[in-house]
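A.B. asks: Residues or ranges marked as compositional bias 'Basic and acidic residues' by TrEMBL: 460-473. Annotation source TrEMBL lists region 'Disordered' at 459-486. Positions annotated as transmembrane segment by TrEMBL: 38-57, 69-90, 111-135, 161-183, 195-213, 256-277, 289-318, 338-364, 407-426, 438-454, 510-530.
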Amino acid sequence: MSTMLGQCLRQFGQKLVRRKPQFREEPESPETPPLNTLDLVVIGLDNMLGAGIYILIGGVAKYVAGPAIILFLLVAGLTTLLSGLCYVELATGVKVPVSGYYVSYVTMGQLYAFITGWNLLLYLIIATACIARAWSSTFDSLIGNHISEALGGTFSLQMPYFLASFPDFLALGLVLLLTGLLALRVYESTVINKVFTGLNILVLSFIILSGFIKGDLHNWKLMEQDYTLAAAGSGDADSLGLLGSGGFVPFGFDGILQGAATCFYAFVGFAHIVNAGRKARNPQWSIPLAVMISFFICFLVCFGVSAALTLMVPYYLIQLESPLPQAFVYVGWESAKYVVAVGTLCILLYSLLSIMFIMAQLTYAMAKDGLLFRGLAWIPAPTNARTDAPTDARIIVRTIALTGNPIMAVFVPGTLAAVMALLFDFTDLVDLMSLRSLLAYSLVTFSVLVLRYQPAQNGSKKEKTEEETKVEPEVEGGPLESEPEAGTSNILKSLWFPPSTNPTRKSGQIVYGCASLVVLLLIILSLILYQ
């Protein structure tokens, strides 16, 4: 009985650490021109300068950072740059397009992939709901806040505190509409991509220039008397944000880590550079250079937008859900409000569509691997179109079937995101989204520590056999196993000064143990800091 139980536990443990074999890389088409560094930078900026700038800066500046948000962005940018360089290193060891979920499955095993995939999926669902809420609020401010005034107070005071003050039916309808459009594969258009990228650059440039023209340096050194005057003018101090201690850093440096974790989302999007870099003329040079240039430009843009916002509006008067359009109202540029609001709506809509597209792809991949319900990977066949259905319905069903689109992977997470956009408050969604993105990318980059010291274990069967043939002699005679009778001092010496740089099975085991110890210590430290 105990033997059978031990075998079952061993088989279960082997399943948890089982790695996914890499697929063979598809040969490049000879007609596809190679990309240069500038092309990769454009791809990176297209994915990094998205919704994060429009929905994060207002909340962080109002409640966490004040004018010192530029310092928070610097910390978040440096942290994300290191994460991006980790992605570059992973791209050299994984011969497929890099995604956080797939890299975790190939390098770390099934359990790690399950945790990483769920974190990424939850992050995408929450980001969808958050962007939909931001779109709804921007549209509401554009038409005079009629929607919020009509629905305000719909939820009773007995409802849970984490729910919004009113249900956002506009955000619900927007997510459901885009879910239906994704089922018809309307996202795959390079023309739409170029148009929205150009529009995004124009809107951000206009905001930065306007902020420095209409801004006031006094807003970076506000004191308690300014807050008192603002409260007397509004008649309600509760409508203002927190004052803190005033000045450039009103909330001190205690909240820098909290604000940096929230601002992390503003720099996400570097994985697209790594994926596209496989088609570069010189990927070993172009990919890391493009990553660093993209981060530098993204930081300058975020710096300019946040500085412009806090110069135009006192940080405690920033409107949380539509900060940029309302900033122009505060400085007296009513007409500019509509220009910025329309541009913001278009960019948020495009970002929402792209995130939902990635969400459907991840759901399909996890369901196909058995880490989600396999029904989510169902793709309708062309024979599913009913001949007795009305003409219009028959055309729609046939269109969906012929596209080969995983319908359930589109509709199920899309519906969940729509419900979250309907019920949950914007600030809670922003915090959850940012922390989930930080955790998900931290899990991915953490695998670099383990992968760097592991002998090659993936690839096709032929490649794996060849690698094992080369590695096995090194394992048997490696520096960590050649002298099992040596004392502790020799073992420590071989750890600090290994005679060979080739990874062995023993080095992989040591790194696994050290990585697990680091995780345990971080959990304990987090619990202590939380208390």
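Here the Cβ of each residue, glycine as well, is placed from N, Cα and C on the backbone.
Can you tell me where each of these features sits in this structure?
C.D. replies: Under 8 Å from some Cβ of the transmembrane segment (69-90) lie the Cβ atoms of residues 57, 60-61, 98, 103, 107, 249, 256-257, 259-264, 266-268, 270-271, 273-274, 287-288, 291-292, 295, 298-299, 302-303, 306-307, 310, 441-442, 444-445, 447-448, 451-452, all in the same chain and six or more residues away from its ends.
Within its own chain, the transmembrane segment (289-318) has Cβ neighbours under 8 Å at 37, 40-41, 43-45, 48-49, 53, 57-58, 61-62, 65-67, 69-70, 73-74, 77, 80-81, 84-85, 87-88, 204, 207-208, 210-212, 214-217, 219-220, 222, 226-227, 230, 240-243, 250, 263, 266-267, 270, 273-274, 277, 324, 326-328, 330-331, counting only residues six or more beyond its boundaries.
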A.B. asks: Three or more CB pairs closer than 8 Å, sequence separation of 6 or more: does that hold for the transmembrane segment (438-454) against the transmembrane segment (111-135)?
C.D. replies: yes
A.B. asks: Sequence-remote contacts (6 or more beyond its ends) of the transmembrane segment (111-135), Cβ cut-off under 8 Å?
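C.D. replies: Long-range Cβ neighbours of the transmembrane segment (111-135): 16-17, 20, 51, 54-55, 100-102, 104-105, 168, 171-172, 174-175, 265, 321-322, 345, 348-349, 351-352, 355-356, 358-359, 362-363, 365-366, 369, 371, 413-414, 416-418, 420-421, 424, 426, 429-430, 432-433, 436-437, 439-440, 443-444, 447.
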A.B. asks: Determine which residues of the chain contact the transmembrane segment (338-364) at the Cβ level, with the cut-off under 8 Å and only residues 6 or more beyond its ends counted.
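C.D. replies: Counting only partners 6 or more residues beyond its ends, the transmembrane segment (338-364) has Cβ contacts under 8 Å with 47, 50-51, 54-55, 99, 101, 117, 120-121, 124-125, 127-128, 131-132, 134-135, 138-139, 141-142, 174-175, 178-179, 181-182, 187, 192, 196, 199-200, 202-203, 206-207, 322, 324-325, 328, 372, 376-377, 406, 409-410, 412-414, 417.
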A.B. asks: State the non-local partners of the transmembrane segment (407-426) in its own chain: residues 6+ outside its ends, Cβ under 8 Å from one of its Cβ atoms.
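C.D. replies: Those are 121, 124-126, 128-130, 132-134, 136-137, 162-165, 167-169, 171-172, 174-176, 178-179, 182-183, 320-321, 356, 359-361, 363-364, 367, 375-380, 400, in sequence order.
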